[in-house]
Amino acid sequence: MAGGITDTGELYSPYVGLVYMFNLIVGTGALTMPKAFATAGWLVSLVLLMFLGFMSYMTTTFVVEAMAAANAQLRWKRMEKRKEDDEDEDSSSGVSDSDVLLQDGYERAETRPILSVQRRGSLNIFEITERVEMGQMASMFFNKVGVNLFYFCIIIYLYGDLAIYAAAVPVSLMQVTCSATGNHSCSVGDGTKYNDTDKCWGPIRRIDAYRLYLAAFTLLLGPFTFFNVQKTKYLQIMTSLMRWIAFILMIILALIRISKGQAEGHPSIARLSGIHNLFGVCVYSFMCQHSLPSLITPISKKKHVSKLVLLDYFLILAFYSLLSFTAIYCFRNDTLMDMYTLNFTNCEIINVAFIRYFLGLFPVFTISTNFPIIAVTLRNNWKTLFHREGGTYPWVVDRFVFPAITLVPPVLVAFCTHDLESLVGITGAYAGNGIQYLIPAFLVYCSRKDTQLVFGSGTMNKHLSPFRHTFWIVFVLIWGFTCFVFVTANIVLSESKL
C-alpha cells in the first residue's frame, strides 16, 4: 500500500539478518582501524575497541527493546479503537440484558490484565511485526523538543554518511583506474600525490573521471532508494562473501610476511595522543543502531535475535582485532595507509595483479552495499517526520518525492567536492555519538515508563534488554555526554595549535 509507514516487506531468515547486520557494521571504519591501532598503541586500542563494542551492543539491545514496546503500543491502540467501535455499534442497536452482561464480562477481561490477552492470542503483544523507524519511536516516546533534536541528529548523520559514501566510491575508482594507466601501474599505494586537474586517460582529467564514476554510482545504486531494503538481499549476500574473502586475504598476506621474517612493525603499547582518532574510528566501526528497524523487523523468527546480534558483535570484534594486529606487526607505523587495503596495492607487497586490484577496489564493494540500506533508512525517517495519524501519502509523493529528497542532496554534495574531512568529523563525533549512545538510552528509558503506564508494572517485554537495570541507562548517558566534551575539547586544542 502506497504511503505505508510500517510495511515490513518480504521476510527473511535470522541468518540472512545476521549477514545484513555484519555488512552494515563492517564498513569503511574497519579499513581505517589498523592505522588508528598503530597511532594509539596496541594495548590501549584493544581495550577501547572491546569497550566500545560492548557499549554498542548494549545500545543495540536498547533499540530492539524500544521497537518491541512501540509495536505493543500500536497494537494496543488498535485494540482500544476496535473496542470503542464495538461500543458505538452496541449503543446504536437494541441489545438484551443478557447481551449487556456478556459484553461487560468481555470488556472486564479485555481491560483488566494485558497478560491474559497475551495468553489467549497466538501473537505476543510485544512481538516485533511492524517496522517502526527510530523517528516514529521518537514521536511516540519523546516530547516535541526531543523529537526535533532526534530528527536534527539523524538527518545530519544519514545525509553525511550518504555524501561520504557517494564521494568515496568514485574517489577509490578514480585512484585505482587512473593510477593503472601509463607507467603508474604499481603506484596506487606508494603515496604519490595527484591533483584533480592531472590527466587520467588521454584528455580526461582525474576530476572528470571522478564525476563519471559518481554518475555511474548514482545510476546503479540510486534506484534502490525507491524500494525496500529487502530488494538488496542477493547483493548483500554476494558482497558479504567478498568481504570475508578480502579480510581473510589481508590477514593471510600479512601473516605470510610475518612468518617469512619480513615484518617491519614495532607497535608501541600506548600512545595517548592517538586515542581521539581511534575513538572516532571505533564509533563508525560499530554503528548500526539507526538501521535496526529495517533489518530486525523482517526477520521471520526473532526468538533468538539477541543471541544472533551478540554473535555478530563477537565475529566483528574478532575480525577487527585479527586484522589490526597482523597489520601493525607487518607494516611500519609510518607506512600504514589510512585505507588499509592500499597497503596491498604495491607490487613489492604482492605481485599478483588480480589480488592487488581486488583489494584496492574492496572499499567500493563495502560502501556500495551500505549505501542502499542507509538511503532507505533516511527515506523512511523523512516519511515518519511528515506522517499524520491515520493518513497515507499519494503514490507520487511516496514513491518519488521522498526517495528524491533522500538521494539528490548527498549526490550534489559529492559532485561539488570530494574533500569531506570536516563533514566526517561532524557526523562521527557529534551526530554519530548521539545516535549510537544518547538516543537509544533515552528511547529505552521513555519506552519503559510508557509501557508501565499503559500495561502495568507486571507486564514483561519479551525483547527486554539484558541490561535492564536503570544503572546501565545512566552509564550510557554519562559516557555519551563525556564523549561530547572530550571531542569538543580535542577540536578546540587542535585549532589552537594551528
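Each position is counted from 1, following the chain as shown.
Every residue, even glycine, has its Cβ placed from backbone N, Cα and C.
All TrEMBL annotations are machine predictions without curation.
TrEMBL annotations:
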type	residues	note
TRANSMEM	12-33	transmembrane segment
DOMAIN	20-67	domain 'Amino acid transporter transmembrane'
TRANSMEM	39-72	transmembrane segment
DOMAIN	135-473	domain 'Amino acid transporter transmembrane'
TRANSMEM	141-160	transmembrane segment
TRANSMEM	210-229	transmembrane segment
TRANSMEM	241-258	transmembrane segment
TRANSMEM	308-329	transmembrane segment
TRANSMEM	349-378	transmembrane segment
TRANSMEM	470-493	transmembrane segment
Determine which recorded stretch among 39-72, 141-160, 308-329 has the most C-beta pairs below 8 angstroms with the transmembrane segment (470-493).
39-72
Sequence-remote partners of the transmembrane segment (39-72) [C-beta within less than 8 Å, at least six residues beyond its ends]:
33, 125-130, 132, 134, 136-137, 140-141, 267-275, 277-279, 282-283, 286-289, 292-293, 296-297, 305-306, 309-310, 313, 316-317, 320-321, 324-325, 328, 333, 436-437, 440-441, 443-444, 447-448, 450-451, 455, 461-467, 472-473, 476, 479
Work out, from DSSP, the number of helix, strand and coil residues along the domain 'Amino acid transporter transmembrane' (20-67).
45 helix, 0 strand, 3 coil
